[in-house]
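The structure appears below as structure tokens.
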């Protein structure tokens with residue numbers, strides 16, 4: 001589809017001219033086709049796919065990491081004797097990811113997409129190495145933060161390249177191909193991580209260490225094949241960086257997410273940590289709005305959010321990401337509480353990216369064919385809601401097939417909405433702002449994922465502890481046993497006599513709070529997508 005839309009004269013043999021001299025005109029037509037693409041600023045399809053496939057390998061690696069850590073979070077937390085670590089494995093990644101993604105678009109505008117992917121690959125490899133060799137919980141959390149910076153770049157920079165090199169009408173198809181790379185990594189990651197943990201002596205550490213070599217091999221491949229020059233300017237590279245904007249953005253996100261993640265879980269809300277970080281985050285946000293409204297090259301131009309479509313898409317992205325990340329982390333946890341091994345939970349998690357790959361490709365082709373996206377986004381939101389409702393129907397006795405169907409629907413709904421959101425936002429803005437817009441969308445996704453994990457983690461831990469105390473608080477040595485249950489899933493296999501049924505019911509009640517949160521987020525996503533306006537999807541890169 002993408003190739004056919006580029007130039008029909010390049011497909012198949014050329015038509016004969018009236019004099020019938022096809023052999024003489026054929027090379028002229030082919031030369032004309034290539035020249036026509038060059039005049040429009042477009043690459044030949046074969047070269048375009050080579051460039052994008054190379055960059056999409058980074059997307060594959062980041063997805064592999066994300067799904068493997070989702071499967072391995074419970075075993076890692078159990079090894080370090082703290083199930084509260086489960087939320088920090090996610091939030092350390094997401095805080096770093098969210099803090100850096102807003103500036104990635106502008107920095108790669110200045111220094112080039114190739115340099116951005118190279119730097120991201122190095123950070124991804126370094127963070128994976130730290131995780132694999134971590135002697136304690138603090139080191140692995142630091143490693144996840146470094147991976148978050150690198151992984152964020154590996155995911156979003158290829159999307160910038162897609163916007164740089166393809167017209168809007170075909171962007172959905174190529175984004176769908178990029179999502180296939182993501183889905184392939186996500187499919188392999190859960191199984192890959194689970195099998196390494198269950199079948200090797202090094203366990204989960206080997207899953208991180210094996211990510212280092214391919215990340216390093218990506219660097220020379222990108223340097224040779226991805227040659228998209230940075231945007232030209234009469235200013236020096238460093239003079240074009242919006243340092244105050246970067247400071248305010250990163251400070252706001254780190255302070256906000258740190259306060260939300262610690263309050264009510266590690267420390268009470270009355271503790272000085274959330275009481276200082278949350279107000280300071282508001283101050284930084286006000287500073288960000290003030291500075292970005294007057295900066296000459298802002299990281300995220302505030303005026304863009306006056307556009308209803310862009311604003312609605314950012315909030316829609318936030319809510320669908322809440323649903324996706326909650327499903328990614330808590331569906332495997334639910335399955336392991338019910339008795340699945342890490343590998344078995346990883347296999348069932350395959351249904352999430354499978355639904356995502358189908359939804360993304362179908363949406364891309366539908367947009368290329370019709371040039372419309374609003375109804376597609378609404379349809380995807382309804383699929384997402386259906387998946388979250390199925391999650392809420394789960395219990396300790398329902399079939400795991402219900403979980404698999406829910407994962408397919410959530411993955412499919414998310415991919416349909418995310419594909420339409422990305423294209424709709426770029427269509428609503430000037431071509432020169434596409435990397436900045438894409439950064440804003442990815443920022444919204446990161447914040448949504450972070451808020452989702454933070455909110456449900458606190459609710460899950462508090463409800464589980466409360467229900468266990470209600471049922472077993474009067475038992476002898478109950479506090480010690482409940483503490484062991486909260487720290488390690490392995491304790492479920494070593495419960496005192498008569499505890500099993502009550503413990504399982506307590507877990508399911510805690511999971512109910514998680515699933516109801518996903519329903520609320522999916523409904524809010526639908527409300528946001530309903531506000532999106534239709535814009536023209538141009539068939540040419542120059543939007544003519």
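Every residue, even glycine, has its Cβ placed from backbone N, Cα and C.
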Exercise. Any idea which of 15-35, 141-161 is down as transmembrane segment in TrEMBL?
Worked result: 141-161
Problem set entry | 291-310, 311-330, 471-490 - the range that TrEMBL marks as transmembrane segment | 311-330
For this session: Note the mean pLDDT of the domain 'Major facilitator superfamily (MFS) profile' (51-536), expressed as a whole number.
Result: 85
Seminar exercise, completed: Other same-chain positions with a Cβ less than 8 Å from the transmembrane segment (246-267) and lying at least 6 residues past its termini are 84, 87-88, 91, 94-95, 98-100, 102-103, 273-274, 276-278, 280-281, 284-285, 287-288, 291-292, 299-300, 447, 450-451, 454-455, 457-458, 461-462
Seminar exercise, completed: With the cut-off at Cβ under 8 Å and a gap of six or more residues from its ends, the chain residues touching the transmembrane segment (440-460) are 86-87, 90-91, 94-95, 97-98, 101-102, 104, 152, 155-156, 159, 253, 257, 260-261, 263-265, 300, 304, 310, 313-315, 317-326, 329-330, 418, 421-422, 425, 510-511, 513-514, 517, 521
Exercise. Looking only at residues six or more beyond either end of the transmembrane segment (311-330), which have a C-beta under 8 A from one in the stretch?
Worked result: 66-67, 70, 73, 86, 90, 94, 305, 349, 352, 377, 381, 384, 387-388, 391, 406-407, 410-411, 413-414, 417-418, 421, 424-425, 440-441, 443-449, 451-453, 455-456, 460, 511, 514, 517-518, 521-522, 524-525, 528-529, 531-532
For this session: Would you mind listing the long-range same-chain contacts of the transmembrane segment (376-394), meaning Cβ under 8 Å and 6+ residues beyond its ends?
Result: 316, 320, 323, 327, 331, 334, 359, 363, 366-367, 402-403, 405-417, 420-421, 424, 508, 511-512, 515-516, 518-519, 521-523, 525-526, 529-530, 532
